[in-house]
Amino acid sequence: MGRPTERRPAAATAAGVEVSVVLPAYNEARTIENTVRVTVETLESFLPADAFEVIVAEDGCDDETPEIADRLAAEDDRIRHYHSDDRLGRGGALERAFEAARGDTLVYFDTDLATDMRHLEELVERVRSGEYDAATGSRWMPDRVADRPRKRGVPSRAYNGLVRLFLRSDLRDHQCGFKAFSREAFEALRDDVEDNHWFWDTEMLVRAQRAGFRVAEFPVDWEPKGDTKVDLVRDILGMGSQILRTWWQLTVRPRITRRVTIVAGLLLTVLALALMTLYIDPSEVISVLGDADPALVAAAAVIYVVSWPLRGIRYREILRELGYREKAGFLTGAIFISQTGNLVFPARAGDAVRAYVVKARRNIPYPSGFASLAVERVFDLLTIAGLAGVVLVGLAATGGLDDIATVLATGVSGGSVDVSADDVRTAAYVATGVGVVAILGVLGIALSARADRNVVRAFVGRFSSDSYVELVAGVIEQFVSDLQAVAGNRAAFGRVGLTSLAIWTVDVVTAVVVLLALGVDIDPVVLVGVSFFAVSVGNLAKVLPLSPGGVGLYEIAFTVFMAALAPVTPAAALAAAVLDHAVKNAVTIVGGVGSMLSLNVSLTTAVEESAEVRDREHELADSK
């Protein structure tokens, strides 16, 4: 990216400058000269001639705006041209220009002069006088005159309402391009403001209020210029996501301590298990568990251990395609630690731990760590969805689909168990939806890897011409390119795919041995087939990270389909699901503790530092 540079006469000086007015400009060749001249004339009407400067913050224009700005700067020492080769975004351009500004009162307004310039003196003096630290014009206050067409007014009211609701702002209008800040307020807030685009000034105003700065809002006369329509990328993906991001940072995250996170996760787990008692008598389950064969339970644990080196090998292959070569043993330990984190913390917070471990111990960059994890998750979903699909084909060939149709229509009942048809259908729909999305996603990525044109940027560009397109498209492209490195390479796809198949086959075999440990006596072919289906659907059902380790979510899905498709009582099916999950979680915890000791990693520290890393990565992404 080209660095912003200033184009101005060498003779210009900073002496006496009190007010700096920034005009953010992108392809404004038709209007910029008139805007600059009107601005200078208006400032001269209430300020000494040498007390102000006007900065044209030209943001990667591809028309004649740079040449016009250069000429204006050459004609008047009070006019400066601040140039960027690439698009910084409106917020980025403003921030860079304010950094270079000489005045202690920093002002900006839109170059279309939609706000009546007779209000400029009031805007400047509100801050210059020291009465306020920030000031903004408002099109929604009483006594204002704003000819806002419905297509602008409705979205604007909705946006400002959301900002007031979620971010607890006292202002009525955050979007009016007519604002001023004191140098002190700008310097205090600039490092906290993360957005570089259209949300920048909203975030400045919100954070200014939170920090205790005095913010003035006054009515202005405003007349729209040009034709503006709703921009999907800017208004929804951009502005909407930034409201949620700021709300999370200011309101939610300060309340989420490590203790609160653990307690919330445990409560979710207990709640999920408690809800299952509405369908199944716990005493019946405990009775079945008490009859389990200890030797076979131990055998199930040993079998499950085999899947972990396979996970390390798969992760090695993924990282190799991204350009990093590591030993499978170390990577197995990193996976153990991250999966242990997922058992302790909700919302799959343990996933971020792996990126921390490989960065701290092998210096693999955080973006690559997160990308490799995403690749692994996609292949997991693809594999278990494929396994479930294969079993469905087998059921169709043998007439077993009738059993699924029956359970979808009537639910599952027997003994003390009574699961409604609606609940069964919900589980089936969620699992099917996740599976279909995984398969279509991988197919799309594999096909796009062979395409010459930039599909992502072309697709996003259909919805917006705003600078947010660069940010959104860049994030998506980085993620997709890492997936393409594996999915688009036949050899890599085959290696990672076969390893994933082996991992989940071991997972299913573990469940089969657990069922045998509980004395389940059914045809081996049926046992294996139904186990593949129940385990696959159970894991698809726990994709949503609502409880640590998916406890409760996996059990109920496994129970429903095992009881529906095999001659197994619902109580025995639930007991198998609970024991199967317990065995796997026990192996994970033992391996995780051992790996933490061998790699000298604190789990809680890793979770906290990885969360901080994710925040820094978002900041870096916004600054690019």
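The backbone N, Cα and C atoms fix where each Cβ goes, and this holds for glycine too.
In the three-state DSSP scheme, D201 (active site) is classed as helix. For D201, the entry in Swiss-Prot reads active site.
Swiss-Prot lists 260-280 (among others) with the feature transmembrane segment.
Annotation comment: Swiss-Prot describes 285-305 (among others) as transmembrane segment, evidence class sequence analysis.
Marked as transmembrane segment by Swiss-Prot: 381-401 (among others).
Among the features that Swiss-Prot reports, transmembrane segment is placed at 427-447 (among others), with the record citing sequence analysis.
The transmembrane segment annotation in Swiss-Prot covers 496-518 (among others), and the record cites sequence analysis as its basis. Beyond the transmembrane segment (496-518), the same-chain residues lying 6 or more positions past its ends with a Cβ under 8 Å from any Cβ of the stretch are 288-289, 291-293, 296-297, 299-301, 303-304, 306-307, 310-311, 313-314, 317-318, 375, 379-380, 382-384, 387, 486, 527-528, 531-532, 534-536, 539, 558, 568, 572, 575-576, 579-580, 583-584.
Sequence annotations record features per position, and here Swiss-Prot assigns transmembrane segment to 532-552 (among others).
Annotation comment: Swiss-Prot describes 556-576 (among others) as transmembrane segment, evidence class sequence analysis.
What Swiss-Prot records for 587-607 (among others) is transmembrane segment, and it gives sequence analysis as the kind of evidence.
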Request  = Count the other Cβ atoms sitting within 10 Å of the Cβ of D201 (active site), across every protein chain shown.
outcome  = 23
Ask   = What residues in the same chain, six or more past the boundaries of the transmembrane segment (285-305), come closer than 8 Å to it by Cβ-Cβ distance?
value = 506-507, 509-510, 513-514, 516-519, 571-572, 574-575, 578-580, 583-584, 586-587, 591
